[in-house]
């Protein structure tokens, strides 16, 4: 009896300690959240009607890996709006540099590199948007273990992003169980399905999962090496960008090769094909050519980087290297190392990169996750033809055949097809490049709003 009583007392004491630790942990999270609140960014417009937070979440204490985030909440009250995580690709490119500063974020950097203007088509008008620099070593994210940047790949990036979400939600508990989506572009065609798969697997058996994943949205994504190589070749030849000889060489050497690390013969075929493009921007073949790179060789290497167009981030680069901006963002940066939009070290040393995301995408559909994929039809980097080949390879059931969709001005915004009783939607965006929200911001917001509402894009003018 005495032993039972003592055991009971010990159990009660243990419960009290655990409860106390939970309270302390909760208080620490609240305190850190308030420290993360952005009072004002340098040069930001006055009288904003939304809140911003930014800072770090440690994902591996032993290695000292910490990921940087920037949360731009929806206009107040934001409590009913979903949470959307935005990821850029590369691999090795910053979501703060591209997604936040050039595409779907609330601000654009002015030509002076010092002041900001409002983005009229910011996605935080309809959702709370969370931008993440991933993996560690990209943008403002960092690691205290230098070898991390030489050994990272898809697997660790996904695991770290999952840990980030779990720990970030402790800091922002109001977003627990909130409708959650993952969006992004380019190599995020790997990041997004892989992270979604982790969430789905770890949510199994949970009645009210903390990460309430509802769907994913991918723009001009890399999802399958074979089909993307095939689609790239087709797009280049069909648009008159390359010769018959280059078409044949790409067919011979590149179809079964790696997108990230092509072998010698494929590399030679790609370089020859690129030399035939002339003075155009492959990220948007109908836009003025990029003049950032000093030589054609540098231009081709930058394009082959297959991350994001560095030509569009000149103003952002200047802004993000301002120490006052770092202070306002609560960002840590080595004073001797300038902020860069992409990490060439990470890109060059990327380790694991599965050849195809199609099996994962099919698994996500079987888990009844909603998937939208969109393509800017002027992108020659990861063109629409590759994505269409990939979707066809999955042999999905068509629910609504190919049709033109119309935006709010009654004009054709692109073309779309719906599969698997509405679970997967594919759509193109007219006159848009690799970064659709950059070249067609109005259409991108229109598409995003329909995605969140689970409404098909309109098939007739309104």
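The backbone N, Cα and C atoms fix where each Cβ goes, and this holds for glycine too.
From a predicted model like this one, the values you see are computed outputs, not experimental measurements.
Copied over from Swiss-Prot, here are the features:
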type     : residues : note
SIGNAL   : 1-26     : signal peptide
CARBOHYD : 49       : N-linked glycosylation site
DISULFID : 93-342   : disulfide bond
CARBOHYD : 144      : N-linked glycosylation site
ACT_SITE : 186      : active site
DISULFID : 254-266  : disulfide bond
CARBOHYD : 256      : N-linked glycosylation site
DISULFID : 290-311  : disulfide bond
CARBOHYD : 334      : N-linked glycosylation site
ACT_SITE : 379      : active site
ACT_SITE : 434      : active site
CARBOHYD : 454      : N-linked glycosylation site
| query | Taking 93, 254, 266, 342 as the disulfide-bonded residues to compare, which has the smallest set of other Cβ atoms within 10 Å? | reply | 266
| Residue from 49, 144, 379, 434 whose C-alpha is spatially nearest that of residue 93 (disulfide bond), among the recorded positions | 434
| field | Greatest C-beta neighbour count within 10 angstroms, which of the recorded positions 144, 186, 256 | value | 186
| residue 93 (disulfide bond) - helix vs strand vs coil (DSSP) | strand
| task | Inside 10 Å of the Cβ of residue 434 (active site), count up the other Cβ atoms and send me the figure. | result | 28
| Sparsest Cβ surroundings (other CB atoms within 10 Å) among the glycosylation sites 49, 454 | 49
| residue 434 (active site): which of the recorded positions 186, 342, 379, 454 is the nearest Cα neighbour? | 379
| note | Candidates 144, 266, 342 (recorded positions); nearest Cα to residue 454 (N-linked glycosylation site) turns out to be 342
| remark: Here the glycosylation sites are 49, 144, 256, and the Cα closest to that of residue 379 (active site) is found at 256
| task | Look up residue 144 (N-linked glycosylation site) in the DSSP assignment and reduce it to helix, strand or coil. | result | coil
